[in-house]
Amino acid sequence: MMQPPPTHHPIRDPLLWLAMLVVGAMLTLLSLARYWGYNSGMLDLGNMSQAILSVLRGEPLVWTGPYGNGSRLAGHVEIFYLAFVPLVAIWPNPQVLLIGQALLATVGAIPAYRIALRQLDSRMAARCIALIYLFYPVMQTAVLFDFHGDTLAMPLLLFALDAADRKAWRSYGLWLALALSCKVYVAAPVAGIGAYLWLWGGDRRVGFWTMVAAVVYGGVVFFGVREFFADSQVVGAAATSYVNHYYGDLGAIAATLPDRFYHALLVFGPMLLLGWRGWRWLLPAAPLTLAVLVSTGPGAVYQYNYHHYALVVPFVVLAVVDGALRARAQVGQGAQAWRWQVDLGATTVLVVLASALLVQQPLNPRFWSREANGGLHHWIYGRIERDVVKDRVLAEHVPEHAPLAASIFLAPHLANRDTLYVVRYPQDLDGSLLPTILPHVDYVLADALFDWRAPTTHEQVQIRMALDAPDFGLVVARDGLLLFERDAPTEAVLPQTVTLVSMSDLPDLELALGPALLRGVEVLPIEGRRFQARFVWQLNGPPPAHDWVAI
């Protein structure tokens, strides 16, 4: 039910802007820290960055997949990415996407505040709702999960809902159009908004046409636009390929059913104290939530810390507002008229506590740990000296714009090129993809020490293939970073030799290092500031069965 216009305006509330400043700065810096520490992957941030940069070359959001180049318009149809083209034209770097996403997500607090202020006529209640939005766990995890269209659609849907609450239908249509352009499946929650307006919102005509627009747009995009831009990467129809990609192993759901239920509880649990009363607003998010919970890939995408739940957040906010409104109406003006305010404050506290427990951010005690899986560990936000070496190698040795296959966490830093494969794709366990990729690239940049969660042997099979490739030579070997060049000059190719010496030639034992003994070290100065190091090792046992790799 519409309320009289409140006397307060969000632009005049310094606490709202302070909260937005703090959370926005935090999300921006943490997003950038993941990138600086080489923890943003090619399959998310890198692909999106390459696609957006391709528009500057006159291409329709083109990115490189495992089977060649294709358009984002043949997949998720993220037309909204075009809005970032002017930004990358000024600064052709993935960091501008991370900054833009974090700031756009943060301003979603404004429509959340305005809706609450209008419905509840309480500045304190509006502040609580804004904090619930800013600290909601899946809002923050979505922003910190690289760069995605559904995360961008999240605040746009809130602006649309604010316009609907004001009955500003032109503005409502514009915001919905922008949200729909972010990703093909945003059509599902938009249709849900229409259903709510038709059933309970008191605007049946607007609700009907919202549902029609969402269904028509979703159908045209899914079965028309995607098919038009589909290419040789897609086996069979684009629609069928899309479904198989996310639901190709439904038989595996039973084994993970308890875990899926647990993550559903993490997504909705923080708001249930008041949100259950506003359950009607959760229905628009239900189809998408169910689709995510039964998805079988790639990876455990049903977990709360993936980006897919970003589209749930606007409806969580509206459910809490509606729940507070209903709780206030239930108690009326009696002795417990304050009860709804206490419940809203408690819900806000629960959301902030859930964020502190579930999100790697400064309120989380684990954030300050440098141990494995701690926030300051180099797997998450930390940056180590080897990352500085990576910066230097990429700047000094990898040619700009050359066709390249790169290690999955190095690739986003090299995205401004037409052809950019990944050395090892997650599904390429046996290395069968790399031989099909090598004819299309001039350079291969592998990481023999792969200092992320996977073992250091993550790219070992692919490195062996690159070493054996007759038309590629190893030209750079720096702290485990290996750069192979096609048709490299003979004098530039680093020799790959291993000499086994007899025990009688070895000096006395110097240092035991697990499976190997360091028996001798020699460091000789060369010209300038360069040195040549020679190491003599003794294995504890027979040589490994696999090939030797110089790192």
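We count from 1, first residue shown onward.
Glycine is no exception: its Cβ is also placed from the backbone N, Cα and C atoms.
Here is what TrEMBL records for this protein:
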- 15-33: transmembrane segment (TRANSMEM)
- 73-91: transmembrane segment (TRANSMEM)
- 97-116: transmembrane segment (TRANSMEM)
- 128-147: transmembrane segment (TRANSMEM)
- 174-199: transmembrane segment (TRANSMEM)
- 206-225: transmembrane segment (TRANSMEM)
- 281-300: transmembrane segment (TRANSMEM)
- 306-325: transmembrane segment (TRANSMEM)
- 337-359: transmembrane segment (TRANSMEM)
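In this chain, the transmembrane segment (15-33) lies out of contact with the transmembrane segment (174-199); the count of Cβ pairs under 8 Å, excluding pairs fewer than 6 apart in sequence, is fewer than 3. Two recorded stretches are said to be in contact when at least 3 C-beta pairs lie under 8 angstroms, sequence spacing 6 or more; the transmembrane segment (97-116) and the transmembrane segment (281-300) fall short of this definition.
The transmembrane segment (306-325) and the transmembrane segment (73-91) are not in contact, since fewer than 3 Cβ pairs between them lie under 8 Å (pairs 6 or more apart in sequence). Remote same-chain residues near the transmembrane segment (337-359) are listed as 122, 124-125, 128-129, 131-132, 135-137, 140-141, 144, 266, 269-271, 273-275, 304-305, 320, 324, 327-328, 331, 365 (criterion: CB distance under 8 Å, separation of at least six residues from the stretch ends). Same-chain residues lying 6+ beyond the ends of the transmembrane segment (206-225) with a Cβ under 8 Å from its Cβ atoms: 73, 77, 164, 169, 172, 176, 180, 184-185, 187-188, 190-191, 193-199, 239, 242. Remote same-chain residues near the transmembrane segment (15-33) are listed as 95, 98-99, 101-103, 105-107, 109-110, 113, 126-127, 130-131, 134-135, 140, 143-144, 360-362, 381-383 (criterion: CB distance under 8 Å, separation of at least six residues from the stretch ends).
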